[in-house]
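Novice: The peptide binding site annotation in TrEMBL covers Q136, C137, Q138, P261, Y262, G263, G264, M265, E266, R559, M560, K561. Positions annotated as Zn(2+) binding site by TrEMBL: H290, H294, E313. According to TrEMBL, the active site, proton acceptor annotation covers E291. Sequence annotations record features per position, and here TrEMBL assigns active site, proton donor to Y384. Feature annotation from TrEMBL assigns domain 'Peptidase M1 leukotriene A4 hydrolase/aminopeptidase C-terminal' to 463-603.
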Amino acid sequence: MGALSSLDPSSFSQPDLAVMKHVSLVLNVDFEKKVLDGTAVINFEILQDIGELILDVRNLTIEKIELEDGTPLKYKVDDEVPNFGSKLTITLSKPATTGDKLKIRIKYITAPTASALQWLEPSQTSGKKYPYLFSQCQPIHARSILPCQDTPAVKFTYDAEVTAPEEFTVLMSALRGEAKNNKTSFRQPVPIPAYLLALAVGVLEYRTLGPRSLVWSEKEEIERSAWEFAETEKYLQAAEKLCGKYEWSQYDLLVLPPSFPYGGMENPCLTFVTPTLLAGDRSQADVIVHEIMHSWTGNLVTNRNFEHFWLNEGFTVFLERKVAASLIADTEEARRSRDFHSLLGLQELNETVKEELGVTNQLTKLVVDLKAVHPDDAFSTVPYEKGSLFLRYLEDLVGGPEVFDDFLRSYLNNFQKKSLDTDQFKAYLLNYFKDNEILKTVDWNAWLYTSGMPPVIPNYDRSMTKAVTTLLSTINNDSVTLNYNDVKSFTPHQIINLLQALIDQSPLSIERLRSLGEEYKIDSSKNTEIVYRWLRLCIRSRDLTKLNDAFDFVNRQGRMKYVRPIYRDLYAWEDVRERAIENFLKNEPYMMHVSAYTLRKDLHLNE
């Protein structure tokens with residue numbers, strides 16, 4: 001299989017001929033049948049003379065397609081390309097010419113297996129009484145919720161009216177209007193790509209976090225959530241200081257049930273987050289800052305297709321670390337903290353490139369080739385960390401933040417509400433700094449199109465990792481007794497740094513590891529970032545007594561950042577491989593599509 005179209009290898013649609021500008025959705029949520037049914041009225045702008053329209057669909061049952069005046073239209077759904085869905089071709093009743101505006105009404109029903117939708121049984125929720133529905137459209141799953149041009153090259157506004165049973169709250173990636181008679185209305189006046197369409201339906205409560213922010217969750221999590229995310233407005237203001245006005249009016253958070261596969265998803269007006277962030281110490285606030293930064297990079301300025309995903313994620317990590325550091329009053333401490341978090345990211349990149357993917361894997365390039373590769377298969381820390389590191393290298397090269405921050409604002413302003421590719425970014429950067437000779441030294445090919453680790457590692461301040469490096473040699477010397485005082489002054493992130501360094505080396509003996517877990521109080525930590533790495537160390541040291549803890553952890557939450565490496569480690573341990581596969585198969589029915597799909601590959605079940 002080659003590219004599905006010339007503009008986007010993952011989409012059949014041809015937005016260079018006709019482009020979606022607005023969608024009006026009327027949907028009914030049916031928990032018994034596990035389907036959404038309703039209509040989508042799509043406004044198109046015709047860019048070239050055409051006789052047909054092409055859209056992306058996946059497992060949708062189309063009941064009828066007509067023009068706004070009711071004229072029925074012929075259509076054809078091609079055979080499914082596995083994991084990518086099908087091409088929907090709509091034949092127009094008469095040819096459309098350049099400049100025409102066209103409205104098409106499509107009546108349809110989603111499949112109970114729609115890849116974008118997770119239908120939870122009451123037992124999978126905190127309240128245990130009502131079912132729950134949430135969506136995850138990124139990267140290319142919107143086509144399983146509505147017929148659309150499912151490519152980030154296309155941006156459209158939308159409005160919606162959603163009907164759900166009485167007890168339920170309906171939320172979307174839009175401004176929420178009236179909710180009465182089981183119907184809730186929404187409008188999203190800022191154009192978005194299809195992957196940012198989002199829907200959640202559950203029995204929910206909310207608390208006010210600030211003048212433009214609410215947090216939503218089930219009753220059982222609401223007080224913890226309100227406390228954990230209390231500083232949201234402070235983060236928004238710091239982000240606006242760097243990037244300019246927040247364009248989306250409302251910034252709400254929804255804390256989802258544990259099967260949500262990501263740390264967060266930057267759905268406009270309503271960030272979705274995993275409950276694993278509820279650490280009780282606000283130590284995972286960086287995820288919220290990350291999702292806030294997406295309001296500019298990703299949501300306002302968007303990658304044209306997922307081959308250029310680093311333009312979304314590399315930029316967002318880069319901005320997240322700048323904004324998080326700007327919240328620290330002492331400038332020296334802020335600089336050290338930014339560099340320390342960059343070094344943590346470098347640690348994760350190192351493991352991804354050298355252990356998980358392999359240095360020659362084309363998916364370790366910043367710009368990847370997604371012909372015949374599903375974007376879900378390309379997902380890794382590479383676009384995040386290698387992308388962020390490249391921007392840091394460029395920032396250092398041109399003269400530091402005082403020069404680069406102005407460029408960032410100019411770039412965001414120029415490309416807002418548009419989609420772009422890496423060539424456009426490069427051209428804009430070179431033009432902006434046209435008098436800066438030093439940019440001629442950038443090896444663009446090595447950075448963008450070469451696999452492996454980045455060609456240059458910035459000269460980070462390592463003072464916050466020094467204590468960790470020193471302690472590492474103590475831990476590796478079995479004759480030295482470990483003591484809590486060794487780590488008493490460590491921040492949670494320094495503990496994470498230490499555990500990640502231990503993952504990157506040869507496994508410790510079970511005795512030494514148990515002593516470390518006990519003395520450093522790591523085996524009783526409630527912070528999931530620490531628990532996740534601790535369990536990986538136990539698996540690598542082949543501690544059978546921790547096997548059930550590992551299974552409990554992967555069964556209790558579905559965050560892929562944690563679940564995939566643990567399953568890969570379990571697979572590598574031959575004595576427990578079958579038990580790991582058995583555990584996965586037992587839990588697969590309760591997983592979000594993307595989690596089950598990627599874990600099957602990690603466990604070599606499709607070979």
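Placed from the backbone N, Cα and C atoms, the Cβ positions cover glycine too.
Give me the structural setting of these features: burial, nearby parts and distances.
Specialist: The Cβ of M560 (peptide binding site) has 22 neighbouring Cβ atoms from other residues within 10 Å, across all protein chains displayed.
H294 (Zn(2+) binding site) is surrounded by 24 other CB atoms, counting those within 10 A of its CB over all protein chains shown.
Annotation for E291 (active site, proton acceptor): same-chain Cβ neighbours under 8 Å, separated by at least 6 residues, are G264, M265, E266, T271, V273.
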Novice: Suppose you look only at the domain 'Peptidase M1 leukotriene A4 hydrolase/aminopeptidase C-terminal' (463-603); what would the mean pLDDT be?
Specialist: 97
Novice: Between Y262, Y384, which of the recorded positions has its C-beta surrounded by the fewest other C-beta atoms within 10 Å?
Specialist: Y262
Novice: Per DSSP, what is the helix/strand/coil residue tally across the domain 'Peptidase M1 leukotriene A4 hydrolase/aminopeptidase C-terminal' (463-603)?
Specialist: 104 helix, 0 strand, 37 coil
Novice: Are there any residues in the same chain, six or more apart in sequence, whose C-beta is under 8 angstroms from the C-beta of Q138 (peptide binding site), and if so which?
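Specialist: For Q138 (peptide binding site), the qualifying residues are Y195, L196, M265.
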Novice: Is any of the binding-site residues H290, H294, E313, M560 within 10 Å of Y384 (active site, proton donor) (Cα-Cα), and if so, which, in sequence order?
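Specialist: Final answer, ordered: E313.
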Novice: Excluding near sequence neighbours, so keeping only residues 6 or more apart in the same chain, what lies with its CB under 8 A of E313 (Zn(2+) binding site)?
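Specialist: Residues satisfying the criterion: G298, P383, Y384, G387.
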